[in-house]
Ligand code: F6P
């Protein structure tokens, strides 16, 4: 039987475009004749009944803003069997038979557990890191890429003026996608990612020397957060080459700002798809993007899929950026 009353929540780190996904879930649900609740502060709101009933106007004017209008949180209490049972009981009390969770892998584990307690639950991938194996794209990724690119372009202006080297750290704890793609977009001399171990002499110093021999006088090195030691790396480069080197950690600036067109559109399509599944009585699925298609996978299978690193892009980056 299809869901009649659904709830939507955002969980884990926020990502630009989450609001477009929330809006899509609310408006699709209402248009299907469902009752729709917005849950405040992720699974915490579900545990404590912090919900508000949504109407068509509840989600007006949110799509163009970064962050999440439903707020977000990480909930240690929900991550226990008792917590999941309590959240499911709260759903039953409110008559909620379907939940859409917008977030990352951690949030999907919660979605799977909630389905196990009899509440149909669907995950929508929302994280700037693009680190979810089952999908080619996560909501927020494109905005974060564009922000990082713009920031590094600015860093390049001053790096060039001073004939310096800049080491710039971008987000990505376990995944080098932001680093790799911004590295290509800004022409970074070297991009270091957590998926590929690097050799300081060969991948950093030798490339600087080679570029130097062709007349280059300023250097941008992009490092994914998961590689770490950004300040230390900058100091080593300066010591080894004599080139004045600065480190910049872009940090949470990458998580904010108005979502790009791509993030708004993909989030809208994914939100719609999630509610369609619930309407058909289907739960325990993750919405995903394969090529330009919106598809879905079993959550347990999705969580077990290995992530495939884009080796080709890594090669492209090494050849072009010299
Ligand atoms: O949103 C993903 C991410 O940005 C990671 O790249 C980063 O390590 C993490 O979130 C930091 O999140 P927070 O500061 O909210 O714990």
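Easy rule for this one: first residue shown is 1, then count along the chain.
Every residue gets a Cβ built from N, Cα and C, even glycine.
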Same-site ATP binder from 13, 17, 29, given that TrEMBL records 74, 75, 104, 105, 106, 107: 13
TrEMBL annotation, ADP site containing 23, 24, 25, 26, 27, 216, 217, 218 - matching residue among 156, 173, 262: 156
From 93, 195, 225, 276, the one annotated by TrEMBL with 127, 128, 129, 164, 171, 172, 173, 246, 252, 253, 254, 255 for substrate: 225
Entry from the binding-site residues list 105, 129 having the most other CB atoms no farther than 10 A: 129
Contacting binding-site residues, sequence order - 25, 75, 104, 129, 216, 246 vs ligand 1, Cβ under 6 Å: 129
Those binding-site residues of 74, 75, 104 having Cα within 10 angstroms of residue 129 (substrate binding site): 104
Nonlocal neighbours by CB distance (under 8 Å) for residue 253 (substrate binding site), same chain, sequence gap 6 or more: 147, 151
Listed in sequence order, residues with CB under 8 A of residue 255 (substrate binding site) and six or more positions away: 13, 14, 15, 16, 66, 128, 140, 144, 171
Average model confidence [pLDDT] within the domain 'Phosphofructokinase' (6-278): 97
Long-range Cβ environment of residue 218 (ADP binding site), under 8 Å and at least 6 residues apart: 156, 159, 160, 162, 163, 164, 165, 166
